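What TrEMBL says about this one:
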- 1-22: signal peptide (SIGNAL)
- 57-127: domain 'Inhibitor I9' (DOMAIN)
- 154-636: domain 'Peptidase S8/S53' (DOMAIN)
- D163: active site, charge relay system (ACT_SITE)
- H237: active site, charge relay system (ACT_SITE)
- S599: active site, charge relay system (ACT_SITE)
- 702-811: domain 'C5a peptidase/Subtilisin-like protease SBT2-like Fn3-like' (DOMAIN)
Amino acid sequence: MVAMEFGCKILMLFSMLVLGKAEVYIVRVEGEPVISYKGGVDGFEATVVESDEKMDVNSEKVTSYSRYLEKKHDMLLGMLFDRGTYKKLYSYRHLINGFAVHISPEQAEILGRAPGVKSVERDWKVRRLTTHTPQFLGLPTGVWPTGGGFDKAGENIVIGFVDSGIYPHHPSFATYNEEPYGPLPKYKGKCEVDPDTKRSFCNGKIIGAQHFAEAAIAAGVFNPEIDFASPLDGDGHGSHTAAIAAGNNGIPVRMHGYEFGKASGMAPRARVAVYKALYRLFGGFVADVVAAIEQAVHDGVDILNLSMSPNSPPATTKTTFLNPFDATLLSAVKAGVFVAQAAGNGGPFPKTLLSYSPWIASVAAAIDDRQYKNHLILGNGKILPGMGLSPATHANRTYTMVAANDVLLDSSVMKYSPSDCQRPEVLHKNLVEGNILLCGYSFNFVVGTASIKKVSETAKSLGAIGFVLAVENVSPGAKFDPVPVGVPGIVITDVSKSMELIDYYKISTARDWTGRVKSFKATGSIGDGLIPILHKSAPQVALFSARGPNIKDYSFQDADLLKPDILAPGSLIWAAWALNGTDEPNYLGEGFAMISGTSMAAPHIAGIAALIKQKHPHWSPAAIKSALMTTSTTLDRAERPIQAQVYSGSETVTLVPATPFDYGSGHVNPRAALDPGLIFDAGYEDYLGFLCTIPGINAQEIKNYTNSQCNYTLGHPSNLNTPSITISHLVGTQTVTRTVTNVAAEETFVITARMAPAVAIETNPPAMTLRPSASRKFTVTLTVRSVTGSYSFGEVLMKGSRGHRVRIPVVAMGYDRYYTGYPKDLGPSRVVHFTSEREFVHLLHEGYPMVVAFTIRGNYTKHLDKVLEEAAVEFYPHVKFMRVECPKYPGFCITRQKKEYPFIEIFYSPEQAPNQGRVADPNITKYSVKVLPFNYDLSAYGFREFFKRHGIQSSDPK
């Protein structure tokens, strides 16, 4: 008996150990999900959904087959593992066939070898991609009236939000001033009940509310006190995105006693369905997000907004279009759901997109025509520009300025970074009262441990007349958005202007021999920053907005598909906020927030798509996306080409002409999108054809993720019928085909095209007439004229006799030779300079057959040497690495090398690393390497024999 009891304890302890190191895995198994099941299992009828059709989730055949799949998941786990050693979190049955389970790595290995298991993938995290815009977009006068006015805009359309939840008590989602919302039989979602108040989260406007946190709980990061085990938004992000897309019309935006205007969603009458899968402290997990997406499609949403993306690539696929996230969304689109996803906030650098697939509308962020500016007038008459959404100090008066570091209670408080002005208790109230408090903008503001809101509260509690926040140096990741405050305040964002302020303060402030202030003589006044300035140079592509080119795999190979798709407002967007929201420290406790991100751009498109869906209820997701893209504009309000914000060499922001890699097809034009004339339609089979046409892709991998065979291809990925054309490797001449469908009255279209000089473009036929609902093909032929090493941009324009204008962007890069797939030819050698390992990896990802020659100086850069060599073995077989080490006397060693081996460049520039190559942070050092193609004629250097000795083969492909 004792032995048995001891054995049970050991078994229990073993089970605890197994679970103690367990992780969440997403498992895909053989067998069709509901959406694509064509029959074949005894006793279960086919449930397959034709492209763009809704699932009848209440039908007996769907519910029975769904239960069958779930039982199979449970049986598989039960046969492999003892009860208590695992926990199944979700069964995925409708869009993909699989489940999420909490098991140990050893169990995951066993599961991966089990019959019928396609893949076992460790879960990974997702992150958030964090009004005046209805007027800017022309909705009140040009769009809402066509559907019966704002009080009908979006009627009976359901927009699903997979986000951080919702604050249901906000007036943007209230129903007390609205016409009652009736039942909507097509929507099958449920409403959770608030565990504290026992009240439903739904009110008719909010038609569904659920939360998904099983993976977060299993990972041990979920705290119900902070994260809320309900759809309640504890972050703010979810309420904000929902209000942008579908918030009520005409809601006053009031803060600090001032009204900043009226807020409205794009489709103010649309219903809101909440699927909470993001949380305030840790973001979210793909397992929870996939479950939320599956539930949303099952419930019957029309539009799905995703202001998020995975943190990192998945482990089991290198193809961007086949990660579990995008594969699930492909099934959602097959079910007729339009998906808008934030493109990412990694701009302005190339290849930073986090939304890849053609079945998704990837949305870039624009700056609209509203700016908030302010100024500080110094006592010496100088006027310093800045940013401050605040009232002015009293007119015709100046006030003494006192620096926080000069009004400390005692020197011991220096450990609290008093210049941040976050702690009023460490400052001398008698010295601050009635004066302007001068503070410093430190890195704490970037990481969120300090906020402008807190500076304002400090100034107010000490009786200051206002505050000035001086930026003395720009930290990486700093962004200067105007923040509404209740007292006069301004942030001097220009470092040179901040230095002028500090110099004036120093000169004007008398001190004794110890440095203590004897008298404060610096004076100033703060202007009125509450009135926005409207400018005609809008829209512009926001600095943070992710840029193309799109990539087809996680080795960063360019894809023959344009991304982003479209540009929408995403900078300084006013919308609802959760009172307990913590995503932005400057808006703690506030009912509204003005924030920026492609997270804000995506719901603009989701809301506008709802308006299109309302007018054209039978259109496919591809048709809606086509209408948005082909009617967009590439011109700003002043009729000039749209510009994009980028960094100049000195890390200051400047403007350059934007390209399709910045804005896709252009900036959204909602009025035109309701009546596009022609559409470029595509469905599930077309997307499968696209996947099956990608060079080098594994057909079995496609089958694993889509449950479909590669029965046909498109000949070339660029033949997918999208409203854009991209050829990443154009050699000689290539012809692509597009099919358009007329969604208006009979009309004749004249087709013209233009392209940058390096690539010639022709279209055929030159004109065509289409009857209502008729479809016609046309071809676009691109020919390389000259090889420039960069992309060429152009467009195809179809002008209709009834006034429709249909435009699609064209993108191509020309090459001399064509290699089947990768790698590709580089041409003459070149020296490439870069400032981070990431930039160098991008160079490797370009796929050139090349030798990378570099010098290692001592032991301090061995880490990068290791990175390069490991990468070469796994990812870059087309790259040969030539290394010469200089462990001692690097200066002499490199000088000698440059004489003996002129093809080798110094690994990093001496002026950036004066101490023999020792650098504190290798990621901020300027590097340079010389890149030599395999087929480069080295005889000019006399080193062909040298390469032979070192096993580096030279070739000259024809």
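Each Cβ is built from the backbone N, Cα and C atoms, and glycine gets one as well.
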According to DSSP, how is the domain 'C5a peptidase/Subtilisin-like protease SBT2-like Fn3-like' (702-811) divided among helix, strand and coil residues?
8 helix, 62 strand, 40 coil
So how many other Cβ atoms are close to D163 (active site, charge relay system), meaning within 10 Å of its Cβ?
29
Tally every other Cβ atom lying within 10 Å of the Cβ atom of S599 (active site, charge relay system).
31
Ten-angstrom check, please: count other Cβ atoms within 10 Å of the Cβ of H237 (active site, charge relay system), all chains counted.
31
Length of the line joining the Cα atoms of H237 (active site, charge relay system) and D163 (active site, charge relay system), in Å:
7
Let's see if you can do this one: DSSP helix, strand and coil counts over the domain 'Inhibitor I9' (57-127), in that order.
30 helix, 21 strand, 20 coil
Quick one: pull the CA-CA distance for D163 (active site, charge relay system) versus S599 (active site, charge relay system), whole Å only.
10
